[in-house]
Each structure stands twice: as structure tokens, then as C-alpha cells.
Amino acid sequence: MATPYVPVPMPIGNSASSFTNNRNQRSSSFGSVSTSSNSSKGQLEDSSVGTCKHTNVQDQMDSASSVCGSPLIRTKFTGTDSSIEYSARPRDTEEQHPDALNWEDRPSTPTILGYEVMEERAKFTVYKILVKKSPEESWVVFRRYTDFSRLNDKLKEMFPGFRLALPPKRWFKDNYNADFLEDRQLGLQAFLQNLVAHKDIANCLAVREFLCLDDPPGPFDSLEESRAFCETLEETNYHLQRELLEKQKEVESLKKLLGEKQLHIDALETRIRTLSLEPGASLYVSRAEGGQILRVQSSVLQVNRDVLDEESRADHKPHFNSREAGSAIADIEVAQLAYNAEDD
């Protein structure tokens, strides 16, 4: 893990010019997601951390855009590709060709992708917002609830006739409860939808700074931010790889079971095919008894053939006369009795 970056407090009055001259210097850190954004009077201030940044309205009007001071972990996604890259388009291109930007013509609703509870130095929750400036260009900014509240206060001053409702604060219960955070995420998403529904509000300076429309995040905003984001990606990648290995093991087990079942089905089909090719109609009766399989086979054609042979042999045999047989037996018995009487 990278060593936490500790911001150094800077005086606002003496160092304002140095911050204004170098527009690429940003003083956000991984522990202070919510740095300040410009108010309607032109002064930036952040009450959450010690880092501060000061510009004035005249400089912002001269440069036709302002510095986005709040995003912590920021990256840019191109299209639907999962590869990550940062915005490298120069500001001059955007200033010289304002027609190429379609945010003014057709603003897209920023999407809150989720939230994360940070515990680097002070525990707080950040919400990840996906901003789409065009179908080919989008990026992610991280905002705290206080950033939304500060933006809402600015919009009330700039547009008194509009009232954009924010989810209420929670004073006495746990602010890190999962159900509470999910409900707050839905409320913040509704806030963003109502915000971009009005063209004047969606294109005002405060909203453009909040979403970094004029200054898309780059790769060199903060070294600590880049390190923290890379560590988050590494941890996510590790968990995804473990989940992938578990799924692969499950797939291999199912493939093995499927192969065994297929072999059993093939064996049954082979046996059925063999029985259908045997001559004659054979009747098989299988019954499991005492752990053994008893097989009884009877051939109807063989039985019929044996019956016909026995009938034909019976036609050629001499007929037997029961009367003659009875007289012969009587003669033998009489002779035997006479012989026995002579012996006596």
C-alpha cells in the first residue's frame, strides 16, 4: 500500500497567484476527496481538509473554463471498451472548437456507479459518478455528499426559482449503514437527473466544475491519487481472478460429470442396437435378485419348430392296441403261476 499523502496547509491570500498561474496543479489527495469548487463569488474553500485553492472569476472568464478541484480518484473510459485511459486532449482544441462538444445541445445524465467508504485518515463516503460528454468520451469523478450539498447551495443562489431536492442528512444514526447509503445514492441520482433536465442549470459554471466538463481529469493530477487507484484496481483484479478460478473448477467438474453421463448413454444405445440386429424375436426378462441379474430367454420360433418335429414323428410310429397288451400280460401271469405250482 502507498504511504498516505499528507496535505500541507497553504495560506490563501499569499499563494493565490501561484495557484492561478499554474492551472494544472491540484491539491486533492486520497484522504481528501472533497476539495472545493468555485462559488458564485469566485472563491474556493474546503472545510473538510487543510488543502485550499483560490481563483477569481475574472481569470475563469478569460480562460473560458475553470479548474475542477474536487475529484480524487479519476480516470477516463473510452466507449464500451474495458481498457482504461486518461483524457489527453488539449484545452485549446476544446476552446477553438466549441461546436464539437454536444453537452450543451444534448446533456447526458451523469450516472452514479456506486459508493465507497474510505478510511485513510477520516472515515467518509465517496460516490463514483460516470460523466459522458459525448458517446466517445466519458470519465469518472468521485464526490462526497458535502460536494452535492455545496453545489445545491450555489444553485439556489444562481437560480432562486428552482428547487432541487437533496436526500436529507442523517444526524443521530450510523451514516455508513448499507441500506442508508443505497437510499442516499438513489436520492443523489435523482438530484443529477433533475439537474441536467434544465439546460441553463446543466450548462452553468458550478455544474461544469462539479462534473469537470471543461477540464477532464488527466493522469498527472496527483501521484497519490494514481497510486491509490492502481491499488484499488489490483485488489479488484485479485478478487476477480479468484472468482474466475472457482468458476473454472466448477465448469471442469460439470464437464466431467457430463462425460460420464454421455458414456453411459452411448453404452445403452450400443446394447439396444445389438439386440435389434439379432435374428428372431427374443424376449428378455431381467430381474435383480440377491445382487445377481437373472436372464431368461425363450425363442418362439425354436419352440414352434420343435412342436412340428414331434408331431411328424408321431405319425410314423405303429399304433398300440390296448386289448392285445392286456391279453399278453394275462398269459404271462398265468404261466408264471403254473410254473410256481409245479415247483411246489
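These residue numbers are counts, starting from 1, taken along the chain as shown.
Backbone N, Cα and C atoms are what each Cβ position is placed from, and that goes for glycine too.
Residues or ranges marked as coiled coil by Swiss-Prot on the basis of sequence analysis: 223-278. Taken together, the residues in the coiled coil (223-278) have a mean pLDDT of 86 on the 0 to 100 scale.
Per Swiss-Prot, compositional bias 'Pro residues' is recorded for 1-10.
Residues or ranges marked as compositional bias 'Polar residues' by Swiss-Prot: 14-26.
Summarising the annotation, Swiss-Prot assigns compositional bias 'Low complexity' to 27-40.
According to Swiss-Prot, the compositional bias 'Basic and acidic residues' annotation covers 88-105.
Taken from Swiss-Prot, the feature domain 'PX' applies to 105-218.
Marked as phosphoserine by Swiss-Prot: Ser222.
According to Swiss-Prot, the region 'Disordered' annotation covers 1-49 (among others).
Annotated region 'Disordered' per Swiss-Prot: 83-105 (among others), in sequence order.
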- Task: Could you give me the DSSP helix, strand and coil counts for the domain 'PX' (105-218)?
- Result: 43 helix, 27 strand, 44 coil
